[in-house]
Structure formats: C-alpha cells, structure tokens
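Visitor: Below you will find the structure I want to go over with you.
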Amino acid sequence: MAPLNVLIREGDNPDLTSERLKGTFSTELLSEAIYGGKKKVQRRREIAKYVDDHKELQDEKPVDFMSREEKIENAARKVVAMRKHYFNCVQNDDKDEAHYYQGLCTHLDGMPIGLHMGMFLPTLYTQTSDEQKEKWLSKAMSLGMIGTYAQTEIGHGTNLRMLETTATFDKTTDSFILHSPTISSTKWWPGNLGKSSNHSIVVAQLYVDKKCYGPHTFLVQLRDEETHQPLPGITIGDIGPKFGINTIDNGFLRFDHYKIPRTNMMMGHSRVERDGTYVKPIHDKVGYGAMVFVRSVMCLMQGTFLGMAATIATRYSAIRRQGVINPGQGEVQVLDYQTQQHRLFPQIARAYAFFLTGKHVRDMYYNVVQNLSEGNADTLPELHAITSGLKSVVTHQTGLGIEQCRMACGGHGYSQASGIPMIYTVAIGGCTYEGENMVMLLQTARFLMRTAAAVRANKRPSTKGPSQFDYFFVPGPRQCRLGQVMTEGESVQAMIECFEHVAKRLTLRAYDRLELRKNQSRSKEDTWNDTAVDLTKASRAHTRVFIAKAFAKAVADIKDFAVSKAMTDLLHLYLTYEIVEIGTSLLEDGFMSGEQLASTQKTIYDLLEKIRPNAVSLVDAFEFDDRQLHSVLGRRDGHVYENLLKWAQHSELNKSDVLPAFHKHLGPMMKEARSKL
C-alpha cells in the first residue's frame, strides 16, 4: 500500500519520514482539494520538473550571496528564459500555471516584470476601451513593452483624492499635459519604475477647462523603446535599498509638462471627448480596478506566505531535537513541546484559512469584473468593503504568524538560510502597499455604518443575492451555545455565532457613538476621527466573520472522509483560537461565560494533541517546491545540517582565510596593543 504522504522518498531524514508516516490522510487528496483538482496538482508537478530540467531557469548561485545589482541582473536573465520556455511549460495561458511557473523561476524578492504582470496588465484588461485593448494588449502581453503602475507620491499614498500629479487636457493639441507641480507630487515607490519599465499606468488629477475631475489613469511612455533612455520631460530613477524586496527597482518619477495623446487616457469606464466633454463612469470606484484586483488576490498571497513559513518551521521542528521531557528517553523533537505546537499549529490553520478565503475572494473579483463589463456595478461596493478589511486583517496576522515561525526555528531562523527572513520582508510590505491598514479598516467601516443605519431603522437593504452583511438582519442567540451537545455542523455554527455577535455589537456601538457625537454639533469629519478606533474594531470583527464562514464552507466541501476529518480539526483550531483572541469582547456583555471561555482554551490544547500526528502532512499538502521555499531548514528531504554547512561556503568572506581588513585595521591594532604589554 502506497504511503498517504506523497512526499516520502528513500534516503530522507528519518525523523521527517517518521512524521510523514504518522499522517492519517492522503496529502494528494488535500492538495487536490485546495488547488482545484487532480489535473491542477499534476500540472504543478510537471511544471516543477520542467524547471528542474532547464538550468537557464535556475540560479547560478544562491541569491542570498548576490549583490543587489547581481540580483537584478539574475532576475532579468531569468525573465528572458521564462519567456522563451513559457508556452512549453504553461498550457493554454492558464493563470494559475503561469503564476506557479513564475514563482519557481524567480524569488519572492521580485523580478523586473512583477508590476507588469500584477498591475499593468490587469489595468489594461479592465480599464481600457475595445480600441485601446486592440492597440496595446498584444504588445504588453508579449513583453514588447514593460509597464508598471505609478500612483503613490512622496506626499500622498492612500489618500488618492489628494494626489498632486496633474493631467491637463489641451484642446489645441488634443493631448494631456502631465506635470509634477511640487516636490511632494513626485511619484515614489512604484515597483519596477526605477530602471526596468519603459511604460507606466500613471494616476493623475484630471483637469478639463480648469475643472478637476479627480484621479484618473493614463498610459504613459517613459523611456525610448530602443535606447531605454528617459524621454525629454521625464525624470526617473531608483529610490534605493528597502526593508526587503530589493530585487525590485522601486522608483521615483517626475513630469515636466510632458505631453501624451488624449487617447492614452484609460477610456473603458470614463473618457474625455475631442471637444473636452467629460463622460463619467457608471460608479466612482471603477477606476480603482487594479487596486481592487491586488487586494482581491492579497489574501491568497498572504496565505501562501504564511503557509511557506509554517512549512519551514514545522518540518524543522520535526527534525530538530533539543531537551528532554522524560529522563532517560533522550532528546525529543521540538515539535513534541506543547509550546511549540501552540506557536505553530494556529499558523498552519490561519494559512489554510487565508488561502481558501483568498480563492473565494478572487472568484468574487472575477464575478465583479464580468458584471462591470455588462454595465452593472452593483457588486463592486461589497467587494471593495471586504477586500479592504481582508487586506488589513490578513496582512497583519500573517506578519505576526511568520515571525512566530521564525522564532520557532531558534537561532537558525534568524539566518537567511532559513528562508523566513525573505518571506517576512515580502509579506510585511502588504501592511502598507495598496492602502495603509488602518485606512483600509476605515474603508470597510463606511459600509458597516450604512449597514448599522439600516439595522437601527429596521430597513433591510434589498439585494439581488446573498450579502456578506445578511447576518446583521438575522436575530442571533443571546447566549453562546458552546458546550451544549450538538452535531459537528452545529458546533461550527455556534462558533461562527460568536464572531457574528461581536461584529454586530461592535458595529452598532460604533454607529451609536457616531450618532451621539453628531448630536453634539460636531462636524462629520471630527465625529468620524473621534470614533476611528471603535470603527476599526468593528471592521476587524466583521472580517473575522467573513474568513470564518469562507474557511468553514471550504472544509465542508471536502469529499474525502479522512481529509475532511483532518481539516475539520484544523478549522476547529482556527475558530477556537480566534474566539480566545476576542474573548474580552465576548465576556464584556455576558454573551460568553468565563467557564465557556476557559473550556474553549482547553479545547485548543486538546486540538493541538489531535493535530500533532498530521502536522507535517498538513504543511506538505501545500506541495511547496524547494525552489519556492528557498530554505535550508525547510527542505523536503530534511537534510538540514549538512546543507547549512554547504550554504555557508558560498559566502564571499570564505574566499580567503584572512580578510584585507585584518591587515589594514585589526592586525596593526592588536600588534600595537601587544607591544605595550
């Protein structure tokens, strides 16, 4: 009988193999459940083998030992190789296959076409007219040009209404004049802007006949297509080293009365006619399509990042032996310590929760795009509301989770060899890019306040289908039902009721405080600011409801009994762990008793014990390739220590036994000190 874990190989670390043999479910079937079926999983393996078989798609030496210039050149070389092999490797231009192929060939640290693929192309797809698609898409898709997305400025990021770059319509020449009127209007931070891109989607304030119509998007050529030199009127460059993602050349950009054709305005939803007539979009948020797209996939991305860190830390914890629990029985695997389980298993649960929720939200995005193409913007506001909340909650919890994984690896976790520092610096950037997290929570809160107003007025909004806010209009239990005898499904529902109760209470409390301050004759802006902390708490609570329901639905859809059982344990751990996190809010109004909260905490400890045999198999089911993990500690084969030694040999410092700095500085200092003894 074949082992349930498909990653078992002869010659692997025996402790890791032993862990894999303990698993109670088929990792293959779980992989199929999360990736969309047997064919999807098989294609991932075929792509990984293809990359393994073609050296030009691989690094010539570990990127950890490359300079920034070497990293950028290495990434550019591999982009060319990726393009060459693309259609041999990716079938039918499949988006999932393309993303996986890209992830195997490059690193989380970025590549020269990252923003081209992630924002430039999606903007061209969703915000252009049919004529513009015909003109630009083929060239962009074939990499005949490389584009980025320039929105953020030195002086303004999240507050789009205050962006300072201007695009003024000139009727005499049928063109827009782009200009950076102040230092603070300098575009700053766009990825791949500094040196790689020759085109950009630029967000600028649209002016027609001295009237401002707000931020709009424009396609702008930045560099000569032959020489790559910046065009006259363009000042452009790299902003320098960052906390992470330094293979990407984040850049700055200034315009000096730079002229572009009128038809370079993105005209899929709004446009300026030849005579200067402005035609507005069907909804004021449709112009933010690229940002909504990125936020829609961020939950999936962050779940992947946390899953990678959890895979590394869990595998290493199965290999690492340290300390004794029972005298005379030898050192134990670190994974046997309850403290280690309490540190790692909730991160595995959150990784799956975020990943599966992310898949659901991505599907919501594609549905909204389809509706917009048919002139229907009804579903856009809800997508904007939940993606804003998810962006904030998920990036924050992912950052905390990755750091827990790093610390769970002890001293070796601090080494770049662990792979976790790179994962962390990439993931944590998500707390800021595409909208600062506090501001994102306040975006969600605006929708929640409209919902609360409807609740207080006892007027349920009419919707064409189910809404994520429906639970606000359904009476819930007055007391927590946890601890009662109930079925599996009822137990999950009872836990979800805890999240719904807190979300409703915090939302209505924030709304009532807003109304109270309004009645005190304070301005609308002041009352909003004075209630902001309460509003962010409400948004977090609602986002928790959404994740809990999406995760529960995904687990309920799993058909195989053994996989379903293992994932149900993980779902329960996620829900109980989050309930304890919000315990104060549940106790505050008596919805949950102290005894129920204590029992929930004990349930967590029981679940850690149940999940322990499946821990390695649960992370293995993600089937992260070693090229993706880029980790010595998290290697599939578990041969950590010998490969740590090999990894260290790549250090430039080891090319000589004595460094020049010794002869120049330290040697003379010690010689002088000894002479005075």
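Each residue, glycine too, has its Cβ placed from N, Cα and C.
Just so you know, TrEMBL annotations are computer predictions that nobody has curated.
According to TrEMBL, the domain 'Acyl-coenzyme A oxidase N-terminal' annotation covers 27-145. Annotation source TrEMBL lists FAD binding site at Thr152, Gly191. Among the features that TrEMBL reports, domain 'Acyl-CoA oxidase C-alpha1' is placed at 288-449. Residues or ranges marked as active site, proton acceptor by TrEMBL: Glu434. Annotation comment: TrEMBL describes 492-671 as domain 'Acyl-CoA oxidase C-terminal'.
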Visitor: What Cα-Cα separation, expressed in whole Å, is found between Gly191 (FAD binding site) and Glu434 (active site, proton acceptor)?
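Guide: The Cα atom of Gly191 (FAD binding site) is 12 Å away from the Cα atom of Glu434 (active site, proton acceptor).
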Visitor: Look at each of the recorded positions, Thr152, Gly191, Glu434, and point out the one with the fewest other Cβ atoms around it within 10 Å.
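Guide: Ranked by other Cβ atoms within 10 Å, the recorded positions Thr152, Gly191, Glu434 bottom out at Thr152.
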Visitor: What is the interatomic distance between the Cα atoms of Thr152 (FAD binding site) and Glu434 (active site, proton acceptor), given in whole Å?
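Guide: Computed Cα spacing between Thr152 (FAD binding site) and Glu434 (active site, proton acceptor) is 9 Å.
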Visitor: If you average the pLDDT over the domain 'Acyl-coenzyme A oxidase N-terminal' (27-145), what number do you get?
Guide: 94
Visitor: May I ask you to report the DSSP-based helix, strand or coil state of Gly191 (FAD binding site)?
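Guide: Assignment for Gly191 (FAD binding site) reads coil.
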